[in-house]
Amino acid sequence: MAGAYQQNNAGGPQGARSTLKTLFPILNWLPEYRAPRLLHDLFAGVTLAAYAIPVAMAYSLLAGLTPQVGLYCYIGSGVVYALFATSRHLAIGPTAAISVMVASVVGTMAGGDTALYASIASATAGLVALLCFLAWALKLSSFVNFISETILTGFKAGAALSIALTQLPKLFGVSGGGGNFFQRFEFLFRQLPETQPVVLAIGICSLVIMFAGDRFYPRRPFALLVVALSTAAVSAFHLTDFGVQVVGAIPKGLPSFSFPSVGMQHMEGILELAFACFLLSYVESIAAARTFGTKHAYNIDPRQELLGLGAANLLAALGQGYPVAGGLSQSAVNEGAGARTPLSLFFASISLTFVLFFLTGMLQNLPQAVLAAVVIVAVSRFVKISEFRTLWRVSRIEFHVALVAFFGVLLLGILKGVTISAVASILFLLRFLARPHVAVLGRIPGTSRFADLARHPENEPFPGLFLFRVEAPLLYFNVDTVERLVLDAIHAVHASRAPVKLVVCDLSTSPYIDVAGARMLARLVAQLELEGIAFRVAEAHAAVRDILRDTGVAPYLGGVDRRTSLGDIVQQFQISSVPAGAPSCPGRG
């Protein structure tokens with residue numbers, strides 16, 4: 001016993017260290033960190049900060065908050081995310097879609113109270129953090145797979161157009177209006193005669209410079225150049241006298257850290273917003289992280305990323321911020337500038353802290369039209385016509401699903417668009433599961449393998465033998481369709497070729513079967529037995545064999561031995577031309 005105690009005691013610290021390294025991946029690579037990486041991460045961090053200054057301020061205004069709030073989000077969330085990150089390149093901060101969702105919901109809840117507005121936004125980040133931690137604890141990271149890339153194509157395009165339209169009034173120097181995408185467009189069209197020429201000129205020049213920079217010098221912080229030039233122009237030529245709106249004074253230093261305080265009457269609305277932000281934040285972050293993980297040949301741990309995002313949003317909530325995510329644009333800047341590890345986020349935070357302490361006075365004359373242009377350029381990357389063309393060419397169904405997400409965002413807004421996109425993803429999945437492909441099989445010439453006769457007419461059918469494969473799990477909502485398709489196909493073969501004597505179901509592509517699926521197979525046995533046709537199954541997975549045995553169906557299928565292959569049954573049929581007997585199925589009659 002003493003020996004066992006010593007062994008457990010010795011293993012205790014080792015187990016604790018292993019747990020710490022799992023929770024904090026930074027402990028795995030920081031002890032081996034070397035100077036050459038430091039230079040790469042330092043340059044990447046400073047470059048990311050240069051990109052983040054105008055973008056974070058623009059997104060913060062887009063969310064209906066003061067411009068410095070976006071900078072607060074970058075500083076706190078970036079540092080704490082780096083402790084938990086499994087991605088070497090993901091950069092955490094405000095995103096356009098989340099900013100618009102916050103503005104669309106919090107504005108109604110706050111009723112013009114700016115202090116309450118800021119508190120609700122911070123509380124939303126806190127709830128997003130809580131949802132991330134719960135999902136991490138319950139190991140729910142795999143739910144991200146339910147949001148397909150097809151849905152994201154439509155959602156991102158719709159969100160980009162919606163966000164861009166919210167910024168056009170600032171670009172023209174008019175007030176704009178509320179409502180959905182088409183109502184906002186109508187308001188803007190009516191106000192075009194009130195356009196401020198100087199404001200429009202600043203906006204167009206900003207767009208031209210940034211689009212040209214993206215085209216010829218990608219991943220360079222041209223937005224910062226536009227900020228510097230426009231701020232200098234406003235100060236030198238007193239452009240505020242010509243209707244140019246500026247961001248105004250920005251407080252120096254870091255915010256005070258505290259828990260946001262909101263009344264219980266707001267919690268229902270906050271929870272709905274927080275869930276949408278959580279869903280979008282995680283999907284967006286994992287998509288970006290996987291992009292760079294694949295490019296640089298390292299793995300991402302989706303569950304660990306939940307922990308990192310939760311910690312990042314918790315810091316955003318405590319630091320008077322609002323929900324954050326890992327955006328593709330800022331991550332591309334970080335990666336393109338040469339980041340090697342998440343330490344680049346530390347250097348970005350240090351650089352932004354320096355700006356808040358010493359350079360805020362230089363930003364007070366920054367035109368809002370420039371920040372609107374920054375947002376428009378940032379979201380323009382999400383409208384990818386080529387992806388819609390590919391979907392149209394490859395799968396009309398997926399193309400239409402993308403359109404549902406696209407128009408859902410435009411008509412109902414980004415918040416409801418997130419919900420519609422998630423529901424559409426699940427319905428899209430269920431649609432394929434509910435109507436699975438049933439392949440009638442023939443032998444590939446010269447082999448002992450079998451494939452779909454419809455796709456490969458040269459395959460060899462067997463007189464008197466009908467082979468089929470259901471390319472999906474057999475579940476309660478698809479078994480009626482499968483049963484009808486199989487019986488119709490059997491009767492068609494029975495009428496056109498030699499009478500069918502044996503039907504064999506290849507279950508190799510059905511990884512799961514529920515009770516309804518087992519009972520459907522029993523019904524097939526009973527129906528075919530009335531017609532003098534035997535029924536067998538082959539290649540069943542272990543879980544499927546267990547279900548068939550536990551439901552009592554296995555004996556009526558001629559057994560479900562794991563050693564019996566489809567080829568064995570075919571060979572046995574060819575030799576004997578008479579299938580092995582099986583007891584009468586209770587489903588009969």
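Glycine too: its Cβ is placed from the backbone N, Cα and C atoms.
Annotated features in TrEMBL:
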TRANSMEM  42-62  transmembrane segment
TRANSMEM  68-84  transmembrane segment
TRANSMEM  91-110  transmembrane segment
TRANSMEM  116-138  transmembrane segment
TRANSMEM  150-168  transmembrane segment
TRANSMEM  198-217  transmembrane segment
TRANSMEM  224-250  transmembrane segment
TRANSMEM  270-293  transmembrane segment
TRANSMEM  342-359  transmembrane segment
TRANSMEM  366-383  transmembrane segment
TRANSMEM  403-430  transmembrane segment
DOMAIN    455-573  domain 'STAS'
Discussion item. Just to be sure I understand, if DSSP states are collapsed into helix, strand and coil, how many residues of the domain 'STAS' (455-573) fall in each?
Written reply: 55 helix, 20 strand, 44 coil
Worksheet item: Under a Cβ pair cut-off of under 8 Å, which of the recorded stretches 150-168, 366-383, 403-430 contacts the transmembrane segment (224-250) most often?
Response: 366-383
Worksheet item: For the domain 'STAS' (455-573), what is the mean per-residue pLDDT, to the nearest integer?
Response: 90
Fill in: Best-contacting stretch, by C-beta pairs under 8 Å, relative to the transmembrane segment (342-359) and drawn from 68-84, 150-168, 198-217, 366-383, 403-430
68-84
Fill in: Contact between the transmembrane segment (403-430) and the transmembrane segment (91-110) (3 or more Cβ pairs under 8 Å, separation 6+)
yes
Fill in: Tertiary contacts of the transmembrane segment (91-110) (same chain, 6+ residues out, Cβ under 8 Å)
48, 52, 55-56, 59-60, 62-65, 70, 73-74, 77-78, 81, 116-117, 120-121, 124, 156, 159-160, 162-163, 166, 266, 269-270, 272-273, 276-277, 280-281, 284-285, 308-309, 312, 321-327, 330-331, 333-334, 344-345, 348, 375, 378-379, 413-415, 418
Discussion item. Take the C-beta pairs under 8 A between the transmembrane segment (150-168) and each of 42-62, 116-138, 198-217. Which stretch has the highest count?
Written reply: 42-62
Fill in: Recorded stretch that, among 42-62, 68-84, 116-138, 366-383, has the most CB pairs under 8 Å to the transmembrane segment (198-217)
366-383
